[in-house]
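Annotation source TrEMBL lists transmembrane segment at 23-40, 46-63, 75-99, 105-130, 142-162, 182-202, 223-249, 269-293, 305-325. Per TrEMBL, the feature domain 'ABC transporter' maps to 371-616.
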Ligand code: ADP
Ligand code: MG
């Protein structure tokens with residue numbers, strides 16, 4: 001399978017000589033390394049600041065561009081990292097308390113303290129503010145950015161607004177890094193290491209889960225992702241990168257005061273990430289470079305232009321950001337990458353080892369009750385969306401839930417998949433009461449689902465989207481992914497995804513961005529994604545909508561095959577011909593109440609159904 005994707009990744013060849021992205025990256029690093037010794041001091045200083053800023057922007061790319069959470073407050077975390085080490089290295093009380101340690105060890109204690117403080121504060125802030133939706137989260141980040149900034153300026157032991165001076169240079173194994181050129185090697189090494197590790201992270205099971213966050217919680221949770229915990233982790237990661245940058249900054253600058261950690265700078269970091277391309281790791285480097293160069297120029301020019309000094313560049317940044325985003329909504333990196341592709345740069349083929357074995361679910365025997373709703377009622381204020389609905393879906397059957405728009409079908413789906421709890425009544429999945437449990441618990445117990453309004457990661461390939469469905473069948477976490485210790489499992493997850501893609505007739509689209517497919521096909525991608533989780537029960541909300549006749553037939557054949565394999569399928573569908581030909585049993589909802597239940601033949605004969613609203617439909621579609 002990996003050979004398959006590899007081959008496809010390299011197509012689109014032209015006469016231009018081709019060079020892989022990896023070769024280009026290595027070339028860039030070697031060039032930087034070779035030039036490092038001979039570049040003028042001025043350039044080294046600039047590159048050091050670019051490196052420090054890029055570290056922070058890298059965290060923001062993960063947080064904002066990939067995880068979908070906006071933060072204006074990253075500068076405060078840089079400050080935490082800087083102040084922690086500054087205090088440890090300069091405070092007499094610390095020197096007294098740690099008198100047993102050599103002086104050269106103090107910066108490392110400072111680093112440990114800075115990272116620990118940052119973790120604790122980011123965790124606390126994240127737990128409180130990441131629950132906030134919409135515009136509240138960015139506002140909260142402004143609030144904490146301001147608070148930490150004023151805290152730095154007002155704590156006497158941190159030197160107030162004058163700050164702390166006399167911070168010693170770093171030294172590693174007796175080597176002093178007092179020279180900015182020497183410290184710069186560390187800065188850039190850490191930055192490139194971070195890019196590499198995060199690149200690996202994103203290209204893994206854990207990375208797919210992070211990307212899924214951006215599409216909202218509903219979809220990610222249904223794939224088994226604990227979104228609340230994951231959001232906090234991504235937030236802590238971004239904060240740690242900022243604190244690391246602050247630590248390096250303190251030992252480069254050798255003094256700290258609150259100014260570089262204020263809200264302005266927090267906004268600048270966001271500029272870097274967004275202008276560079278907030279969905280792309282290298283966009284952080286591009287953005288940091290552009291903003292650094294621009295700031296240089298503007299700080300020279302603007303005061304001359306206005307005839308007075310001030311932070312005018314922030315105004316220009318704001319205007320420029322608007323202009324850039326008008327033209328390049330995704331930032332500049334994708335444009336640069338497109339140029340590179342045209343010049344013959346191709347992605348390095350994905351090389352994966354032999355797949356490991358994935359855990360397999362033994363399906364319950366045919367006839368087993370998979371999901372059972374007992375007199376489930378759902379009220380929205382005064383509206384009764386579901387009134388005492390009872391329904392069972394058994395292994396090896398297709399059960400259809402039909403009814404006109406607004407009958408309460410989607411509401412019912414939400415209650416039997418953990419999205420929402422019933423007001424009254426109970427839902428049992430494989431015999432277990434599920435009240436109060438999140439969707440991911442339903443997924444873990446064998447429920448796979450699709451959505452009425454398709455929820456895919458539109459820019460990611462079909463393969464990637466379907467592999468997300470197998471999330472719960474993998475175990476490898478962040479560390480394993482960052483250091484490439486997950487490759488056997490990843491190969492297995494992708495192989496499983498490819499199997500489901502082929503089975504659903506999507507093989508030729510495996511590498512297509514899911515959002516580029518017609519809507520009907522996207523629905524099939526959702527089915528493949530659900531199947532990758534090896535469910536015992538499949539919930540499909542209008543899977544045939546938008547499909548052409550032949551595609552509907554293929555879908556019916558697939559569902560029939562799944563039924564014969566022992567899956568239970570609950571389907572909401574408006575196409576009566578499709579439903580009547582496929583379903584073993586049908587439940588009819590009207591105004592939230594079950595008005596009929598039985599085989600397709602029974603339901604079609606039921607006077608209440610005919611009379612209530614289905615008469616016309618059945619006369620046309622069901623008679624066939
Ligand atoms: P269907 O999927 O059968 O078209 P729904 O389950 O979406 O129907 O809706 C059933 C009824 O419940 C509708 O009247 C709808 O307006 C209402 N409803 C659904 N969700 C909510 C909600 N979150 N808040 C208030 N009313 C809702
Ligand atoms: Mg609906």
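Yeah, the Cβs are placed from backbone N, Cα and C, and that goes for glycine too.
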Any contact, the transmembrane segment (223-249) to the transmembrane segment (46-63), with at least 3 Cβ pairs under 8 A: yes
Long-range Cβ neighbours of the transmembrane segment (305-325) (under 8 Å; 6 or more residues past either end): 264, 267-268, 271, 274-275, 291, 294-295, 298-299, 331-332
Seg_contact(the transmembrane segment (75-99), the transmembrane segment (142-162)) with at least 3 CB pairs under 8 angstroms, min sep 6: yes
Spatial neighbours of the transmembrane segment (46-63) far in sequence, C-beta under 8 Å, 6+ residues away: 39, 69-71, 74-75, 77-78, 180, 183-184, 187-188, 190-191, 194-195, 198, 210, 234-235, 237-242, 244-245, 248-249, 252, 269-270, 272-273, 276-281, 283-285, 287-289, 291-293, 296
Long-range Cβ neighbours of the transmembrane segment (105-130) (under 8 Å; 6 or more residues past either end): 69, 77, 80-89, 94-95, 98, 136-137, 140-141, 144, 168, 170, 228, 231-232, 235-236, 239-240, 242-244, 246-247, 250-251
For the transmembrane segment (23-40), sequence-distant contacts whose Cβ falls under 8 Å of one of its Cβ atoms, 6 or more beyond its ends: 47, 181, 184-185, 188, 192, 340, 345, 348
